[in-house]
Amino acid sequence: MTKTKDAIYAAPLQEMIDFKFDERVVAVFPDMIQRSVPGYGMIISNIGILAGKYAQPGSHCYDLGCSLGAATLAMRQRINQPDCDIIAVDNSPAMIERGRELLARDSGPTVPVTMVCADLQDVAIGNASVVVLNFTLQFIPPAQRLALIERIHAGLNPGGILILSEKIAFDEPERQQFHVELHHDFKRANGYSDLEISQKRSALENVMIPETLACHHERLKAAGFSSSEVWFQCFNFASLVATK
Ligand SMILES: Nc1ncnc2c1ncn2[C@@H]1O[C@H](C[S@+](CC[C@H]([NH3+])C(=O)[O-])CC(=O)[O-])[C@@H](O)[C@H]1O
Ligand SMILES: O=C(O)C(=O)Cc1ccccc1
């Protein structure tokens, strides 16, 4: 599949509008996320590996904030347990519409997938073995995050896991600057201009709120997870696996 190039922030904008997962973003999303998130492809394939290891027979796997379903498709390739299914949720109608087309083209594995257009806060989570929040929690208002993580913990079976990937922040200003500059260098090396980088940064400012790794570990512990481990980090992007 040829990817449509992301040029959403290439021209100067008169007025900065908050970032939204609309049709324009959907049309360029695979290119945008690959050129913007260091290690995205590796994270997706390893979500498949983790799901292959932790999916339990007769349980549900959830992909919350699934976008076009990249993590869902990776899990589907790797899950080899009877009576397992995947519930993929996103509240962007444009994402789900395109995600369903891509899912219909996916051949081979038989793990059933249901793609739901809904606010993940309204979706019941139960009999779960694997729950994925791949760069989604950062878009949930911080005041709602603990209750969501508690609800995920409550819906997981013993031995189940939460895979949590996030852009992260650093308390120390020098460390914050170090990682942000390297992330911007990564974006520049992938063809984004300084204008694109700065306009997108402004558009994301009120919408995407990163937290420190310490904050994530503490919240996971407070929600009842017995352990949380960083299994991937590149610059200010990390992925954790938390075990019930
Ligand atoms: N309350 C909500 N309910 C449901 N969906 C939501 C909500 N808030 C945001 N979203 C959805 O969360 C997704 C975040 S992108 C995830 C990438 C994907 N996981 C991937 O593995 O490619 C991350 C990024 O683009 O940085 C978007 O599709 C939103 O519509
Ligand atoms: O582009 C960025 O700067 C990011 O932090 C990652 C991202 C990727 C895709 C949509 C929104 C944010």
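Glycine residues also receive a Cβ, built from the backbone N, Cα and C atoms like all the rest.
Heads up, TrEMBL stuff is auto-annotated, nobody curated it.
Residue density at D90 (S-adenosyl-L-methionine binding site): 24 other Cβ atoms are found within 10 A of its Cβ, drawing on all protein chains shown. The feature S-adenosyl-L-methionine binding site is assigned by TrEMBL to Y40, G65, C66, S67, D90, N91, D119, L120, N134, R201.
The domain 'Methyltransferase' annotation in TrEMBL covers 63-160.
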In the chain carrying D119 (S-adenosyl-L-methionine binding site), residues 6 or more apart in sequence that have Cβ under 8 angstroms from it: N91
Contacting binding-site residues for ligand 1, chosen from Y40, D90, D119, N134 when the Cβ sits under 6 angstroms of any of its atoms: D90, D119, N134
